[in-house]
Amino acid sequence: MSAEHVEEVVSEEPFLGTLDIALLVVLLVGATWYFMRSRKKEEAPIRSYSIQPTTVSTVSTTENSFIKKLKASGRSLVVFYGSQTGTAEEFAGRLAKEGLRYRMKGMVADPEECDMEELLQMKDIPNSLAVFCLATYGEGDPTDNAMEFYEWITNGEVDLTGLNYAVFGLGNKTYEHYNKVAIYVDKRLEELGATRVFELGLGDDDANIEDDFITWKDRFWPSVCDFFGIEGSGEEVLMRQFRLLEQPDVQPDRIYTGEIARLHSMQNQRPPFDAKNPFLASVIVNRELHKGGGRSCMHIELDIDGSKMRYDAGDHIAMYPINDKILVEKLGKLCDANLDTVFSLINTDTDSSKKHPFPCPTTYRTALTHYLEITAIPRTHILKELAEYCSDEKDKEFLRNMASITPEGKEKYQNWIQNSSRNIVHILEDIKSCRPPIDHICELLPRLQPRYYSISSSSKLYPTNVHITAVLVQYETPTGRVNKGVATSYMKEKNPSVGEVKVPVFIRKSQFRLPTKSEIPIIMVGPGTGLAPFRGFIQERQFLRDGGKVVGDTILYFGCRKKDEDFIYREELEQYVQNGTLTLKTAFSRDQQEKIYVTHLIEQDADLIWKVIGEQKGHFYICGDAKNMAVDVRNILVKILSTKGNMNESDAVQYIKKMEAQKRYSADVWS
């Protein structure tokens, strides 16, 4: 009975008894409940069919017990990974796969999708082992997917007696907090009573992290065998993790065409937008900043209106690029493949949470264009598998040798692969007898990762726009080939003058922040595109001044090669100087015979530097090259603090560390 009909009956029969009224109320409530229940039943299929099972490595909340999975499948090895770019996840997969050789059936697990308190139950599984492959990210932080685990292990006081573990860290020595996360987790697990089975391994991405991992791994397994009393090991057998399923009859609307997780997410956009659900932002400006010199630097403006994404000056924007179509076609021809074949790669381990290496079903063309790093330098395990597809024994031995841990093999890999910047396409072009099936290539190559850029605008001025400042990466290799940066080449082609163009993006929050009090003075060091976040800072300080706020000194040290060629945003910066918002210090390294860099200017301005960071307790920022510039600037600061602040070197170093803890010293650097 409808609510409208109930109202009619009541008006016509005003003398109903109490019982009649009570019955009517019951009927009304019942009808409402039935109506709402029916609607929920009708809506349920819409939700379940429009949101596809995620195809990245995740476990649903009802399947987050890794202990149950280990016990149910007779496994004793679990390898957790904390990964931002995919390398730690790749290493974890390789360790779990190799466990079979040593009679340890393993599984890979994402700590973000697991109940990590179950580590306490590992002791209930005989001869069990937990391995942690953990990257350090940003300013000594855990990766996004390891954050909760890191906080839990830091703040918790659990008893992990009976847990056997090992840790391998991924870091970069050019950064101050080298492998901080892995070092801490290794130490903390021992403090909580766990047993270290093998020594901490540390990989350096600035050198050869692949070599570091292999060297550690090849000593790790013998120690594991000794610890658990495992005698001997099986032969090394190359096994496929995924099986091929060609699907010519799949309906076109069920095929992934570049979506990160949810099918049709690019056509049917809905917030919140993040790494698994990027927003398609329109490119509204794409202009050249360099006025000469042969290099290219782009100023790009993206429209994020309607996305509900918010950003602050200093945040990063991540962009999902696509691979060069020419390279994709080349790879298809080298593998003698029909790139438009629809297929799925299905994990042979039915208990794994990672059902596919990337969204499936899809086509080879889409996989190679949107999902796989075809321009990356292949790691040694890929060469080992490629060797099996060589018809020429010399080629097979050559690849196997480069994949080995012998000094000769390592040297060949360094020279022929790394120093020559050979990617998978180049390898197959140069080794004519190597013709692997395209599906195995898709299994071996790592996932194409988003590229991160410092946002070069302030949301105070541009709440619905995000600005990017990026140099086009392009260089000639020793083999005579021209390698191009995946993301910057992709952006270079996005010209809004030829029609609407969009790119998939999301915002990543940062700790790189202006002082909360505008009157605090700041010093910024940003040569080249290191200027990017400071452009946003300066815009914001100007905005505050225009609004009547008191704003402290805003000092920028900027450097480039030549004033008339690559002095980016020159007119803007000079305008800020004219109106009193900015003090600008410039170094043009090639405009005179003797090169001048920003580090020279900072040394010359020792009194000013000390006044701002020592006497006025101002903030100091660095953005740019981590390997040389950032290290040099930090060393100069130590000297300035020693001489002007009357400190010894140790005290000066501690002063900078104190500034870091107070968020007065911040670095946004890359190598």
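From the backbone N, Cα and C atoms, a Cβ is placed for every residue, glycine too.
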* To do: Figure out which of D324, D564, D625, D632 sits with R295, T529, S589, R590, K595, I596, Y597, V598, T599 in the NADP(+) site per Swiss-Prot.
  => D632
* Asked: Since Swiss-Prot lists R451, Y452, Y453, S454, T469, A470, V471, Y475, G485, V486, A487, T488 for FAD, which candidate among W216, W221, W670 does it give for that site as well?
  -> W670
* Go through the binding-site residues G138, Y453, V471 and tell me which ones have a CA within 10 A of the CA of R295 (NADP(+) binding site). => V471
* **W670 (FAD binding site) versus binding-site residues S83, G86, G138, S589 - nearest by Cα** => G138
* Structure fact -> Rounded Cα distance in angstrom between Y175 (FMN binding site) and R451 (FAD binding site) is 19
* Structure fact -> Quick note, T599 (NADP(+) binding site): same-chain residues at least 6 apart with CB under 8 Å of its CB -> M629, D632, V633, I636
* To do: Using the structure shown, find which entry in S83, S589 (the binding-site residues) has the sparsest Cβ neighbourhood within 10 Å.
  => S589
* Quick one: pull the CA-CA distance for G138 (FMN binding site) versus Y453 (FAD binding site), whole Å only. => 13
* Other CB atoms within 10 A, centred on W670 (FAD binding site) -> 16
* Asked: What same-chain residues, at least 6 away in sequence, bring their CB to under 8 Å of the CB of V471 (FAD binding site)?
  -> R295, S296, C297, M298, T488, G528, T529
